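*Asks:* In case it's useful when we look at the structure, here is the feature table from TrEMBL:
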| type | residues | note |
| --- | --- | --- |
| REPEAT | 133-146 | repeat 'WD' |
């Protein structure tokens, strides 16, 4: 761990008790506002917009929808629009204008079952190329949507004939550094991680980490693939160096057992992609730093390039809740500001200090 005095501290700045099950929370870009979404006791979906006012959260708006809301992203629209895309328990993908949220601006019955995970790219200045949304579902499929194209996905990754369908728990975009390149990474309940290349429409790489994959995230979407973190049910996470793909061994990786319980999410600090936070089933957050090796690739005995994994250091950890922290989001604008939601039905705004000293 870093020396005591200069270590980052995780300070609880504001918190708000909720009367519903919170599944996801997101910062509204370029604002002091955040969104909470989840499931009301009577089985409907709730979307709440809060504003941070000093040390408290003020509720600005509450919107009720027919189906519980599982996940959301701003990633596929511009900063001017700031439309919000959600996936719900009925398999529906909806895009909302939060100024007029009564009727979605885009809606499609995307999946046969619950949409577990969603990600967006091409908007907000994140990544080149089309404004796309990816959804992963319990029905075993991963679909990519262009909201300018009605009803049909632009890509559909589903189990091949005879292959059993696995519950897809997490999806993430990466490699969107020009108009043509883009990948989607998906993690499944059986430990499978699959990397789909959207340019060639093919499976580029797959591996298995032996435990259900709860969260995957690239350190940045808008650069050549650099690093990917995958978290699992058993308290372990893996960092893959995505720069060098060996023909048989794939990508080099380092793994760390953070705790005994599930690691629900990983989120990289937008302003420094070598720092990331994991959130855990024991109500704790861990802040990590990735250190690169002296050289990132070497030749194997056959002369093929293979990656070299770096190392991890724990910068700080804090326990906030007796229940799992299931969602986490850094502010894209203010370094060190983050929001997390837990199953104790509380949303918390945190400030992580001293991040510029690392």
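The backbone N, Cα and C atoms fix where each Cβ goes, and this holds for glycine too.
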*Asks:* With Cβ-Cβ distances below 8 Å as the criterion, list the same-chain residues six or more beyond the ends of the repeat 'WD' (133-146) that contact it, or say none.
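*Replies:* Sequence-remote neighbours of the repeat 'WD' (133-146) are 73, 75-76, 85, 87, 91, 93, 95, 108, 110-121, 153-159, 165-173, 184, 186, 194, 196, 198.
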*Asks:* What mean pLDDT score does the repeat 'WD' (133-146) have in the model?
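*Replies:* Averaging the confidence scores along the repeat 'WD' (133-146) gives 97.
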*Asks:* Please spell out the DSSP helix, strand and coil residue counts for the repeat 'WD' (133-146).
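*Replies:* Within the repeat 'WD' (133-146) the tally stands at 0 helix, 9 strand, 5 coil.
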